[in-house]
Amino acid sequence: MVRFIFVTGGVVSSLGKGLTAASLAMLLQAKGFKVCVRKLDPYLNVDPGTMNPHEHGEVYVTDDGAETDLDLGHYERFTGVSSCKFDSITTGAIYSKLLKDERLGNYTGVTVQIIPHVTNIIKDFILSNTKGFDFIICEIGGTVGDIEGLPFFEAIRQIGNKLKNENCLFIHLTLLPYVKTARELKTKPTQHSVKELRAIGITPNILVCRAERNISKSEIDKIALFCNIESEYVIPAIDQKNIYLVPIAYHNSGLDNKVLKFFNINVVPSKLDKWYDIIGRLKDSSSKVRIAIIAKYHKLKDAYKSVIEALDHAGIYYKYKIDLVWINAENLTEENINKKLLNIDGILVPGGFGERATKGKITAITYARTNNIPFFGICFGMQLATIEIAQNLIGIKDAVTEEFKVDGTKIIEKINKNCEGSKITIENVKKTMRLGSYPCSLVANTIAANAYKSLEINERHRHRYKFNNEFQNIFEKNGVVFSGFSKDEEIVEIIELPELRWFVGVQFHPEFKSKPFEAHPLFIQFIKAAIEYTLRK
């Protein structure tokens, strides 16, 4: 029978519930169990697909096209198991279903309420699609005490009451703030957080305590006493220099074995060789390579979370530290670019939407191309690369993208024109988006084919514009190689400039499929080119 583990948080947000859930999933997986990790978000948006990155950070896209929270990226990167649309839900999606059912008369005229109707939808989500799994780990977004989170806490309380301890475990993550003047960790916020959780009917079985320094036995005993929990189930979560050190830190703290003990499951050895290899590679990484990310949201690193991690994975592969240099694309000009990109070994332009900051991105692409610096353009970054090539290499000075609704030669066009001229609504914005994993055919003897070591691949997408194929011939005459196409050959997936050191643009998002123990081949080749470039300088 499947067992359920609920991960909640208290005191402050952004404590690392997602990393805790992902780490525990990996540790249980290392003991031979099949684990699924899910995220329940209390916000009223149906999904994060139309949210500003400043509000939410990265939108993580699954194989089946779900636009989800960035924590699902942690789940996939730690476990190597692909998430799907059944692994993410929001209050907005719940209310959307509830109100649709109410209008259809599915509630047969009864008064629709938070309890039981909203909580029943939450419970159905948690308890459905569990076949083949030994554990379902559910992360509840937000912190205990948040008004918007109350229906979720009530739903998991009901599940816990029904399944009992044999099949349900509550893990609560809290913060132990360190007060420098007193030179001690403060346990009172944790005590109040647990009190708040118990007030709504949930008693945590395991308490995970975040802290910036080691937690003494006396402090653990104090927490256990006031929170009514055994000391062995108070797990330290000390700050780590790298997130890929977190799973082994939890293993050393005994989190995985405590979970098995709670469920009366025999403790079995863990197969953690690949994670110890990652730790070894991180420790051996002494050399650095400097990568400039030309970003629109340069102050919000979470907007590019998967890109950052994919670069780190390639760094782990080569035992190199990736020194990221964040460049504000809005302030990048021909006059200051030499200074801002001084001693850069590689330039990456990530995905995005909208006209703002595109001039600076194109300036960076020109700089990379004309100075033969390794360049990687992702999604919108590839589209801007084709515009830069059209303007400055081919001579189509008015080359533009149809997205900006300005006059000029449309090098980039809409994929689906069915909604053209219609009012822009959330509904038709979704309809015109190409989302999820699609097959891609590669051309032999190209940079892409050599990187993948295959001519057939699958990659994840999130875009509604594509390269205008009418210009393919003139681009090819000017040295551009189109090395990847959709199966129907309608959409250009990869472009290359083979005469340069490394210049590649991709329409998809390779960062979503990179893992610390299996770096993405394109990121591997990009970092390889950057390393070779820095060694030759």
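Placed from the backbone N, Cα and C atoms, the Cβ positions cover glycine too.
Annotation source Swiss-Prot lists region 'Amidoligase domain' at 1-265. If you look up Swiss-Prot, you'll see Ser13, Asp146, Ile147, Glu148, Lys186, Thr187, Lys188, Pro189, Thr190, Gln191, Lys222 marked as CTP binding site, on the strength of sequence analysis. Annotation comment: Swiss-Prot describes Ser13, Lys186, Thr187, Lys188, Pro189, Thr190, Gln191, Lys222 as UTP binding site, evidence class sequence analysis. Taken from Swiss-Prot, the feature ATP binding site applies to Ser14, Leu15, Gly16, Lys17, Gly18, Leu19, Asp71. Annotated domain 'Glutamine amidotransferase type-1' per Swiss-Prot: 290-536, in sequence order. Residues or ranges marked as L-glutamine binding site in Swiss-Prot (evidence: sequence analysis): Gly352, Phe380, Gly381, Met382, Gln383, Glu403, Arg464. What Swiss-Prot records for Cys379 is active site, nucleophile.
Structure with Swiss-Prot features highlighted.
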residue: Leu15; record: ATP binding site; contacts (Cβ under 8 Å, 6+ apart): Gly9, Leu173, Thr174, Leu175, Arg210
residue: Asp71; record: ATP binding site; contacts (Cβ under 8 Å, 6+ apart): Lys17, Gly18, Ala21, Ala22, Lys39, Tyr60, Glu139
residue: Thr187; record: UTP binding site; contacts (Cβ under 8 Å, 6+ apart): Leu176, Glu219, Lys222, Ile223, Phe226
residue: Lys188; record: CTP binding site; contacts (Cβ under 8 Å, 6+ apart): none
residue: Pro189; record: UTP binding site; contacts (Cβ under 8 Å, 6+ apart): Gly10, Val11, Thr174, Leu175, Leu176, Pro177
residue: Gly352; record: L-glutamine binding site; contacts (Cβ under 8 Å, 6+ apart): Lys296, Cys379, Phe380, Gly381
residue: Glu403; record: L-glutamine binding site; contacts (Cβ under 8 Å, 6+ apart): Phe353, Gly354, Glu355, Ile412, Tyr465
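Of Ile147, Lys186, Thr190, Arg464, all annotated as binding-site residues, the residue with the shortest Cα distance to Ser14 (ATP binding site) is Thr190. Considering only the residues assigned to UTP binding, Ser13, Lys186, Thr187, Lys188, Pro189, Thr190, Gln191, Lys222, the longest pairwise Cα distance works out to 24 Å. Ranking the binding-site residues Gly16, Leu19, Gln383, Arg464 by the distance of their Cα atoms from the Cα of Thr190 (CTP binding site) places Gly16 first. In this structure, Gly352 (L-glutamine binding site) belongs to neither helix nor strand by DSSP; it is coil. Comparing local CB density within 10 A for the binding-site residues Ser14, Thr190, Gln191, the maximum falls on Thr190. Within 8 Å of the Cβ centroid of the L-glutamine site, not counting the listed residues Gly352, Phe380, Gly381, Met382, Gln383, Glu403, Arg464, the chain contributes Gly351, Phe353, Cys379, Leu384, Thr401, Ile412, His463, Tyr465. Reduced to three states, the DSSP call for Arg464 (L-glutamine binding site) is coil. Looking at the domain 'Glutamine amidotransferase type-1' (290-536) alone, the prediction's average pLDDT is 92.
In this structure, the residue listed as 'active site, nucleophile' belongs to neither helix nor strand by DSSP; it is coil. Taking Ser13, Lys186, Gln191 as the binding-site residues under consideration, the smallest Cα distance to Gln383 (L-glutamine binding site) is found for Ser13. With a cut-off of 8 Å between CB atoms and residues at least 6 apart in sequence, the same chain places Ile494, Ile495, Gly505, Val506, Gln507 near Met382 (L-glutamine binding site), listed in sequence order.
In this structure, the CA atom of Ile147 (CTP binding site) is 20 Å away from the CA atom of Gln191 (UTP binding site).
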